[in-house]
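Colleague: What follows is a single structure, and I will ask about it in a moment.
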Amino acid sequence: MISPFLVLAIGTCLTNSFVPEKEKDPNYWRQQAQETLKYALKLQKLNTNVAKNVIMFLGDGMGVSTVTAARILKGQLHHNSGEETRLEMDKFPFVALSKTYNTNAQVPDSAGTATAYLCGVKANEGTVGVSAATERTRCNTTQGNEVTSILRWAKDAGKSVGIVTTTRVNHATPSAAYAHSADRDWYSDNEMPPEALSQGCKDIAYQLIHNIRDIDVIMGGGRKYMYPKNRTDVEYELDEKARGTRLDGLDLISIWKSFKPRHKHSHYVWNRTELLALDPSRVDYLLGLFEPGDMQYELNRNNLTDPSLSEMVEVALRILTKNPKGFFLLVEGGRIDHGHHEGKAKQALHEAVEMDQAIGRAGAMTSQRDTLTVVTADHSHVFTFGGYTPRGNSIFGLAPMVSDTDKKPFTAILYGNGPGYKVVDGERENVSMVDYAHNNYQAQSAVPLRHETHGGEDVAIFAKGPMAHLLHGVHEQNYIPHVMAYASCIGANLDHCASASSTGSPAPGPLLLPLALLPLSTLF
């Protein structure tokens, strides 16, 4: 039961909050609903074209509460109250829910989930590109249990493929697209135990360069894992933590260059200036590594050295769209997750807004007629916002009342656990005494932890384009790549495709049968 004190405080605040004049008229809401209804009725005409192109946007840690908060932030950045704003993903016509658990974990990690939504097989926590028969850290359980990803299926069908991320390119999410590893943390051989090395397992950076040698576009962070131990970084010459890590002495950048045919135009870039100076029409292969480790948060980004996610996506698309057979592009807003782990909600939400901008940029460069776009998350976080805040309240602001228990104010944003747990003189910290609007403010949490944890609830899947309607309800997470492959006529399930050329790639045109007439077995 809410105390009378809180009822009075909330009621006073909400009464005084701003309500747009048009929203006071019932006809405003009725007309809005009718327009939405008309749009929904149009969706009865399903898009059953073959998806020439597939773009997957993965917001790492972007649970539903993060989506909602990012929506409000996006609106407030445009000087609106925020709640009524539409994210680019909000405009997608089909929405589903994804069950994120790993085979051995109720609350998952980003490696097992990446294996699910890229390879179509659920896996153990901490493992990438392998089935649940592989146990984390045990190299000798890897062989024979490798599973391939939709990126590999697309490449085998003659399509161009790309990976764009704000994390290291050998981090959990991107690595499941090309690597098979019993441990997500084996970034280079420096991070691997001697036993794993002696048993023949390869680090993830090595696998990036060697497993699928013709990935057309790779962009993100992770320079230091490509160079020999203690090699000075090109950007941070005095920073020892930025130096190369490899014990095998390999220069993987040089190896990457050597694998490319001489008649093709291959480019390695390490800063934004070099990237934007490229003529995409004259680029066949691109490797861009813009930081030694993960890329900087969007709020901290150096506009001279680091490109934004939107800029990377635009360059990637200009390169990939040259292939008449189409492309598959994986885009990760990876530092949403990092912001949450650090309890820095402002960093996390600005990362989510930037990813939404990248979604809009991709939408402007492609067509729903032949491009399936899927936006989802790997998992959620124990991030929430509440406190009966009034309309237009800053998403980073205070709730409209103080606690009826300790008589102290609190921010609308809170975490269930994490580094924001602070006790001062035996009591909860008074947030009015700190700068809770600071970029790196750590929101208060209920349980003290050095790093906030993932959440276990379902996450959203947004879809538009050919066969987007197949994402329609509550699904196991590993269902997602099967839909993308079905839509684009790649992978093992090709019975429904209109026709195939001698190279095995689908010819454009509608499917032979309406979805309702297809045997259920062809959908899985």
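Cβ coordinates come from backbone N, Cα and C, glycine included.
I grabbed these lines from TrEMBL:
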- S110: active site, phosphoserine intermediate (ACT_SITE)
- D60, H171, T173, E332: Mg(2+) binding site (BINDING)
- D60, D337, H341, D378, H379, H454: Zn(2+) binding site (BINDING)
- 1-17: signal peptide (SIGNAL)
Colleague: Does anything in the same chain, at least 6 positions from T173 (Mg(2+) binding site), have a Cβ under 8 Å from its Cβ, and if so what?
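Modeller: In sequence order, the residues whose Cβ lies under 8 Å from that of T173 (Mg(2+) binding site) (at least 6 apart) are L58, D60, S110, A114, T165, T167, L330, E332, G334, D378.
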Colleague: Over all shown protein chains, what is the count of other CB atoms within 10 A of the CB belonging to H379 (Zn(2+) binding site)?
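Modeller: Result for H379 (Zn(2+) binding site): 28 other Cβ atoms within 10 Å.
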Colleague: Distance check, please: Cα of H171 (Mg(2+) binding site) against Cα of D337 (Zn(2+) binding site), rounded to an integer number of angstrom.
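Modeller: Pair distance, Cα basis, whole Å: 12 Å.
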Colleague: Return the residues near H454 (Zn(2+) binding site) by Cβ distance under 8 Å, restricted to its own chain and a separation of at least 6 in sequence.
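Modeller: Non-local contacts for H454 (Zn(2+) binding site): G61, V107, P108, D109, H379, S380, H381, V382.
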Colleague: Might you list, by sequence position, any residue in that chain lying six or more from H341 (Zn(2+) binding site) with a Cβ less than 8 Å away from its Cβ?
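Modeller: Counting only residues 6 or more apart in sequence, the Cβ neighbours of H341 (Zn(2+) binding site) under 8 Å are G61, H381, G418, H451, E452.
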Colleague: Suppose we draw a 10 Å sphere around the Cβ of D378 (Zn(2+) binding site). How many other Cβ atoms does it contain, all chains included?
Modeller: 30
Colleague: Can you tell me how many other Cβ atoms are located within 10 Å of the Cβ belonging to E332 (Mg(2+) binding site)?
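Modeller: E332 (Mg(2+) binding site) is surrounded by 29 other Cβ atoms within 10 Å.
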Colleague: How many other Cβ atoms are found within 10 Å of the Cβ atom of D60 (Mg(2+) binding site), counting all protein chains shown?
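Modeller: Its Cβ shell of radius 10 Å holds 30 other Cβ atoms.
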Colleague: When you measure from the Cβ of D337 (Zn(2+) binding site), which residues in the chain that are at least 6 apart have a Cβ under 8 Å away?
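Modeller: Expected: D60, G61, S110, A348, H381.
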